[in-house]
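Report on the following structure.
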Amino acid sequence: MPNVVIIGAQWGDEGKGKIVDLLTRDTDYVVRFQGGNNAGHTVIVDGKTYILHLIPSGILHKEKICIIGNGVVLDPQIFIQELDTLLSQGIDVSPNRLKLSTKTHLIMPYHKLLDQVRENASTTQKIGTTGRGIGPCYEDKVSRIGIRTIDLTQPKLLYKKIELALKEKNTLFTQLYNTEFVNAETIFNEVMETASRILPYLSDTSSILQDAFIKNKKVIFEGAQGVHLDIDHGTYPFVTSSNTIAANASIGSGIALSSTEKIIGIVKAYTTRVGSGPFPTELYDNTGKFLQEKGHEYGATTGRPRRCGWQDLVMLKDSVRLNGFTELALTKLDVLSGLKKINICTSYAYQGESVTYPPQDEHILFNEIKPIYETMPGWEHSLESCTSWNQLPQCAKNYIERIEQVVGVPITIISVGADRNQTLFRDI
């Protein structure tokens, strides 16, 4: 298997964790390259559920090496909690198997506080942040006042960096948001309490990956969130704080762009979104509730109910353009079972015309476009016992083939249930 980048093709929650888990069987390394614990990847193995926020899904496979790259922002306490949870489940998370970049930035307590007070103070436009401190951490990274994992090795320097960061933060907290002054020593002590658990994992992960490529090892790059949450190319400002598209696999892990050969987009059979932002095909009726309940559409990170809607091929084609997907994996096809009719959005109505691309202005996407649907017949019986393409109902096959026709990319993996073995592989 060639080196593969796995990207969520919608607004996140597409089922990337399951697909990464499946493909890990044929790989040697699994790499997280962006985002933080605002992402939740759910993997079900033999009826047992694992929810991973920071550690790559490949950790569930023995002898696979997992890497958290420089593009990730890491909450020390959440990282340790995740380690302990996996240990309690009998999973090997030793430093021999899990590597953490020395360049990874740390989410500090003041980042989480700033995230929360900002969202609470907003009266006009709430982004729907998870409040995990992801955005403020990336802000400090760009402002060159961030704290990196390597700083844990030099406590005196770390303390000075915390003091520097808090000069501005405390002005914001006390004068703009009317919250309490944050003490540098308190923050320092809290962070240093985690150092002994984190330091053994620190590695030059870029060099490790380069060595892996030289030895012809196989690598999966595991994306978080989804294309349309990308800070540059998503539905701004209702986006995350990092680049979620495939090109960032190179930057966020410290490897050459030419190191990746296959890019797989993960797309749900319908569309979901968490938090605020444009959602052209959103359903407010009983069908939307049907998808939400049958699909268990509640966030793995926040528990918030996900907004649900029909498949949007306009947005999916945009994802194909931005990432250069070589193939797609379609998840949760089984959720559509029982619907007599299934709508699929192939274009938007805008100013009396039919357009097949998303408007760049989020106001237009929010208020001025209407989805144009094709209606396809649904299917009644469950798909969960299907083990091959030939066993799928003809209407389900037609649905899959119509998606392929419109976006121009083959669907090679089809998920028909939550468990690892409820997956069909299709040679095209």
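Each residue, glycine too, has its Cβ placed from N, Cα and C.
Look at Swiss-Prot and you will find 12-18, 40-42, Arg306, 332-334, 415-417 tagged as GTP binding site. DSSP classifies Lys18 (GTP binding site) as helix under the three-state reduction.
In the three-state DSSP reading, Asp13 (Mg(2+) binding site) counts as coil. Marked as Mg(2+) binding site by Swiss-Prot on the basis of sequence analysis: Asp13, Gly40.
According to Swiss-Prot, the IMP binding site annotation covers Asp13, Glu14, Gly15, Lys16, Asn38, Ala39, Gly40, His41, Thr130, Arg144, Gln225, Thr240, Arg304.
If you look up Swiss-Prot, you'll see Asp13 marked as active site, proton acceptor. Cβ contacts within 10 Å of Asp13 (Mg(2+) binding site), excluding its own Cβ and spanning all protein chains shown: 29.
Around His41 (active site, proton donor), a 10 Å sphere centred on its CB holds 25 further CB atoms from the protein chains shown. Taken from Swiss-Prot, the feature active site, proton donor applies to His41.
As annotated by Swiss-Prot, substrate binding site applies to Ala300, Thr301, Thr302, Gly303, Arg304, Pro305, Arg306. On its own chain, Arg304 (IMP binding site) has Val274, Gly275, Tyr298 as residues at least 6 apart in sequence with a Cβ closer than 8 Å to its own Cβ.
All protein chains included, Asn38 (IMP binding site) registers 28 other Cβ atoms within 10 Å of its own Cβ.
Within 10 Å of Gly15 (GTP binding site), counting C-alpha to C-alpha distances, fall the following of the recorded positions His41, Thr130, Thr302, Gly303, Pro305, Arg306: His41.
For the pair formed by Asp13 (Mg(2+) binding site) and Gln225 (IMP binding site), distance between Cα atoms is given as 7 Å, rounded to the nearest Å. When the Cα positions of Asp13, Glu14, Gly15, Lys16, Asn38, Ala39, Gly40, His41, Thr130, Arg144, Gln225, Thr240, Arg304 are compared pair by pair, the longest gap among these IMP-binding residues is 34 Å. Mapped onto three states, the DSSP output places Thr42 (GTP binding site) in strand.
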